[in-house]
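Have a look at the structure below before the remarks.
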Amino acid sequence: MKSLCLSGVQPTNFLHVGNYIGALKQWVEIQHRFPCYFCIVDLHAITVAQDPKQLRENVLNTAATYLAVGIDPKRSHVFIQSEVHEHAELGWILGTITRIAELERMTQFKDKAKRRADNVGVGLFTYPALMAADILLYDTTVVPVGEDQMQHVELTRTIARRFNTTFGDTFVIPQALIQKQGARIMGLDDPSVKMSKSATSTMNYIALTDDDDTIRKKIMRAVTDSGKDIVYDPDKKPAVTNLLTIFHHMTGRTIKDLENEFEGKGYGDLKKALADAVIAHVGPIRDKIAEYRKDPKELMRVLDAGRDAAQELATTKMKIVRERVGLGRA
Ligand code: TYM
């Protein structure tokens, strides 16, 4: 079986360091090993209300971010989900074999529905069937994501197996790929919740577009744990563990090495050094995002080529799916 990698991000806002460490950083490495398809999932984004003009801006910002972090369009295909209509079509078909009880168990749905109790659309509920379509349409073998998407990838596997049993072998069973450390980056202002684009306070996250002063301010104000030892211990030291994890990903230095360096030093020293490391790593990404946004021609070229490459695979796969299910005419 040929390996193929697919993943995506919702263009609901700028991306943050959690998205970067949990997902995009893995993508940059994987693209040297497998053919990769990275989509911008705008159909998923509209499962909560979006301003149409801002959504299109966010789609381009997300594309610029993919390229700025090091996705190489010569190796990888970057495309917009809604431009390949087969995603929506397969999402519908898979929705017909997805059980309500399975969707009700999804923690992302439960969290989002709780926050918008008076305004939960059907699309928010069936979101995982569309995500399964994104993945299964391309015979994806590897899905690099953060921990919060593991449940959706598990459900994708269940749906694929069910389809194969009912209609005959059609879909490859994909596997999630998550970081050993950093699959769940926590909020700087509250290490008990994940870093999130939709956090109420901007102190929760570091956006990849934050300027140097903002990055420094957010890190210096980050919540810390009681005691003063700088050690990696997710249970007893969740805040320090989170800072060390971010440090590790920004510099490539091992956690052990960082613990040694900060032995006997204070939280203030750790934060100062971490702020320098994040600025050194995120600064160039931020500047490249701005460059790509200034030159939309290059972005358009990449998105056109990505769409065409994705379309080719999607067309072939959907012909088989329609036949297996018995849709349309022979
Ligand atoms: P989204 O847009 O919420 O997040 C994009 C990616 O970032 C990861 N992530 C994190 N990783 C570590 N720590 C965090 N605090 C953190 N926050 C977010 C997410 O796990 C994700 O990998 N449903 C998906 C988008 C999607 C998708 C797909 C992904 C749609 N179709 C097909 C893979 C394959 C989502 O909402 O990601």
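A Cβ is built for glycine as well, from the same backbone N, Cα and C atoms used for every other residue.
Features reported for this protein in TrEMBL:
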type	residues	note
BINDING	GLN10, PRO11, THR12, GLY18, ASN19, GLY146, GLU147, ASP148, ILE185, LYS194, MET195, SER196, LYS197, SER198	ATP binding site
BINDING	ASP134	L-tryptophan binding site
MOTIF	194-198	motif ''KMSKS' region'
Contacting binding-site residues for ligand 1, chosen from GLN10, THR12, LYS197 when the Cβ sits under 6 angstroms of any of its atoms: GLN10
Least Cβ-crowded entry, counting other Cβ within 10 Å, from the binding-site residues listed as ASP134, GLU147: GLU147
Same-chain residues near the motif ''KMSKS' region' (194-198), Cβ under 8 Å, at least 6 residues beyond its ends: 12-19, 115, 148, 184-188, 204-206
Greatest inter-residue Cα distance in Å for the ATP-binding set GLN10, PRO11, THR12, GLY18, ASN19, GLY146, GLU147, ASP148, ILE185, LYS194, MET195, SER196, LYS197, SER198: 19
Rounded distance in angstrom between the Cα atoms of THR12 (ATP binding site) and ASP134 (L-tryptophan binding site): 18
C-alpha spacing of ASP134 (L-tryptophan binding site) relative to LYS197 (ATP binding site), in angstrom: 22
Which same-chain residues, if any, lie at least 6 apart from ASN19 (ATP binding site) yet have Cβ under 8 Å of it: VAL9, GLY146, LYS197, LEU208
Cβ-Cβ distance under 8 Å to GLN10 (ATP binding site), same chain, at least six residues away: VAL41, ASP42, HIS44, ALA45
Protein Cβ atoms within 10 Å of MET195 (ATP binding site), excluding its own: 25
Candidates THR12, ILE185, LYS197: member of the binding-site residues with the richest Cβ shell (10 Å): ILE185
Alpha-carbon distance [ASP134 (L-tryptophan binding site); MET195 (ATP binding site)] in Å: 24
Helix, strand and coil counts within the motif ''KMSKS' region' (194-198) (DSSP): 0 helix, 1 strand, 4 coil
Within the predicted model, mean pLDDT of the motif ''KMSKS' region' (194-198): 90
Secondary structure of THR12 (ATP binding site) (DSSP, helix/strand/coil): coil
